[in-house]
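Per TrEMBL, these features apply:
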TRANSMEM  58-76  transmembrane segment
TRANSMEM  88-108  transmembrane segment
TRANSMEM  151-171  transmembrane segment
TRANSMEM  192-213  transmembrane segment
TRANSMEM  219-238  transmembrane segment
TRANSMEM  250-266  transmembrane segment
TRANSMEM  278-295  transmembrane segment
Amino acid sequence: AAVDIQPACLGLYCGRTVLSVNGSVEIYGDCGVCPRGQRTDDNKICRECVGSPDRYDWLYLGFMAMLPLVLHWFFIEWYSGKKSSSALLQHITALFECSIAAIVTLLVSDPIGSLHIRSCKVKKLSDWYTMLYNPSPDYITTVHCTQEAVYPLYTIVFIYYAFCLVLMMLLRPLLVKKIACGLGKSDRFKSIYAALYFFPVLTVLQAVGGGLLYYAFPYIMLVLSLVTLAVYMSASEVESFKDLLIRKKRLVVLFSHWLLHAYGIISISKLDKLEQDLPLLALVPAPALFYLLTAKYTEPSRILSEGGNGH
């Protein structure tokens with residue numbers, strides 16, 4: 001299509017919308033913000049996002065989808081106590097809520113009714129923060145071109161969190177009221193109250209740090225999975241393989257951390273070259289094995305006793 005010559009469209013994300021197409025000639029509007037689902041091309045023309053998320057985009061969306069689920073599981077475990085037998089059912093319910101929320105979010109995203117979504121390609125960090133790049137041609141008037149240049153990776157997370165919250169409020173109170181008999185009246189709903197706190201925190205985190213998380217989430221997963229596994233094994237006084245096998249719950253926690261660790265490695269490598277990247281997954285059990293092999297040498301009581309004997 002021929003591009004007619006018009007005054008320069010300033011700003012990194014300002015563009016001209018296509019008003020009509022007359023044969024091979026496109027008629028453009030004034031320079032401004034592109035409609036939702038579009039972003040500017042190299043000629044500052046708003047073009048519809050027709051691509052699909054690549055593998056890394058899906059891994060990012062999977063990470064953002066896992067955050068509320070992991071927090072649900074943590075607080076359910078934290079508040080259920082050792083006497084309550086309802087924790088497992090609450091864990092399953094939380095998984096069900098987040099899974100349904102994810103499916104519904106994909107279905108309501110464009111194209112509606114499909115599990116596929118169309119998206120714009122993320123080119124650089126500034127794509128996530130278009131509000132910071134509104135131009136001021138005369139240093140007085142600001143042309144507002146704030147848009148979702150990374151459509152729909154920014155807003156789809158908010159939609160998902162909203163569905164998670166609605167499904168939790170519909171399902172969890174009824175379930176907890178019926179099955180959480182081992183807990184007191186004030187304790188049985190504490191995991192739900194915790195969610196009412198962490199969902200706003202996650203929303204603000206996505207609103208402010210979405211772009212930073214997009215580039216940093218694989219490394220965040222690796223560090224957090226290592227730190228939390230070490231803290232859990234230390235708090236549970238796991239010092240040998242035998243201690244792990246005594247309780248099935250410890251094995252479940254261990255395998256869960258291994259899955260998160262593997263997810264982080266896959267996100268970093270993107271599995272672009274399978275013959276090089278797949279062997280990296282063999283490193284997943286290494287931190288846990290290192291901890292178990294060295295725990296007996298770092299036992300505080302042993303260090304203190306040996307220090308006392310030295311004196």
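Any Cβ shown, glycine's included, is placed from N, Cα and C.
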_Listed stretch, out of 151-171, 192-213, 219-238, 278-295, that has the most CB pairs under 8 angstroms to the transmembrane segment (58-76)_ = 192-213
*asked:* Given a Cβ distance threshold of under 8 angstroms, which distant residues of the chain, six or more beyond its ends, lie next to the transmembrane segment (219-238)?
replied: 63, 213, 244, 250, 253-254, 257, 260-261, 263-265, 267-268, 287-288, 291-292, 295
*Counting only residues 6+ away from its ends, which parts of the chain sit with a Cβ under 8 Å from the transmembrane segment (192-213)?*
60, 63-64, 67-68, 71-72, 75, 78-79, 125, 127-129, 150, 153-154, 157-158, 161, 164-165, 168-169, 172-173, 176, 220
